[in-house]
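Below is one structure, written out as structure tokens; the observations come after it.
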Amino acid sequence: MKDILIIAGPTAVGKTDISIKIAQKMNGEIISADSMQIYKYMDIGSAKVTKEEMKGIKHHLIDVVDPSEEFSVASFKKMAQNAIDDITSRKKYPIIVGGTGLYINSLICNYDFTGAYKDEAYRESLQAIAKDKGKEYLHEKLKNIDIDSYKKLYPNDLKRVIRALEVYKITGKTISELNSNVDLYDIPYNIHYFILNMDRQKLYERINLRVDIMLRNGLVDEVIKLRDMGYNSNMQSMKGIGYKEILSYLEGCITLEEAVELIKKGSRHYAKRQLTWFRKDERAVWINKDIYKNDDDIVFKILSSIEEI
């Protein structure tokens, strides 16, 4: 059974620096589990790790999808599994790093992403309803038949809301019911799972500062370039935090100051949702960064914990 290390946590908590230091000590390579860093050309708004920051550590699943393409959890799982096989075949250690909980869970939980249940016509009808009556209407519709999915998903998660409705229409069962007979932790990996966290107010301050740095580093110009390349707000990639707000500014819907505040607010709310998601997995070891002097102490703690297992 292959060993994999997972370093997760909310946005701006400092996963990148710590994971690279760990990779250097473990002869490891990093697999990004980030739903925005997967896209090409979207560097500043996704806080994508730079070549200099990588410090010679090979990174996988960064800059592999064109922003015009839809990218699913199933696609991530397949690509990440291939990367794990590649890394281990070269006697190196796979390190999964990111904050997209569903991406991480696709690897460390026994989820079915085969897409066996499909009804294209019904799916298209739901998309038409969403366009006519709004995303919130479909989200409320989900409440009556799949309360678990309703609580997990937000109205803006339209693709997954429609998927939950589609599965119920075909099978008469919710996604949770279909997975209830499956051993959730029956996976082909031996996992070492660590979640970085810190005082909430400190985290929010780091998030606000990161957004300010993104603006100084040219976020507006990056979005202008993407728009000029033909990418628009209807695309999955351009609905990411930081991109949709700047697009609204460029379209004259809001001021730049309003866009910046929306990015900060959206990022803080996203961090809160990430923490809620990660708390669901009892296998994870939480690392409170506030009690350590520096990142090197955290790296030592994680490496020591792995050796003890």
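For all residues, glycine too, the Cβ spot is worked out from N, Cα and C.
Over in Swiss-Prot, the protein carries these features:
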BINDING   Gly9, Pro10, Thr11, Ala12, Val13, Gly14, Lys15, Thr16  ATP binding site
BINDING   Thr11, Ala12, Val13, Gly14, Lys15, Thr16  substrate binding site
REGION    34-37  region 'Interaction with substrate tRNA'
SITE      Thr100  site 'Interaction with substrate tRNA'
SITE      Arg123  site 'Interaction with substrate tRNA'
Simplified DSSP label at Arg123 (site 'Interaction with substrate tRNA') comes out helix
Spacing of the two Cα atoms, Arg123 (site 'Interaction with substrate tRNA') and Pro10 (ATP binding site), in whole angstrom, works out to 32
Intrachain residues whose Cβ lies under 8 Å of the region 'Interaction with substrate tRNA' (34-37), provided they are six or more past its termini:
45-49, 61-63, 71, 76, 98-100, 103, 237, 240
Express the predicted model's confidence over the region 'Interaction with substrate tRNA' (34-37) as a mean pLDDT, rounded to an integer.
98
Do you know which of the recorded positions Lys15, Arg123 has the most other C-beta atoms within 10 angstroms of its C-beta?
Lys15
Reported as an integer number of Å, what is the Cα distance between Thr11 (ATP binding site) and Thr100 (site 'Interaction with substrate tRNA')?
9
DSSP, reduced to three states, assigns Thr100 (site 'Interaction with substrate tRNA') to coil
Rounded to an integer, what is the Cα-Cα distance in Å between Thr16 (ATP binding site) and Thr100 (site 'Interaction with substrate tRNA')?
14
Could you name the residues, excluding Gly9, Pro10, Thr11, Ala12, Val13, Gly14, Lys15, Thr16, of the same chain that surround the ATP site, i.e. Cβ within 8 Å of the Cβ centre of those residues, in sequence order?
Gly99, Leu196
By DSSP, what is the split of the region 'Interaction with substrate tRNA' (34-37) into helix, strand and coil residues?
0 helix, 0 strand, 4 coil
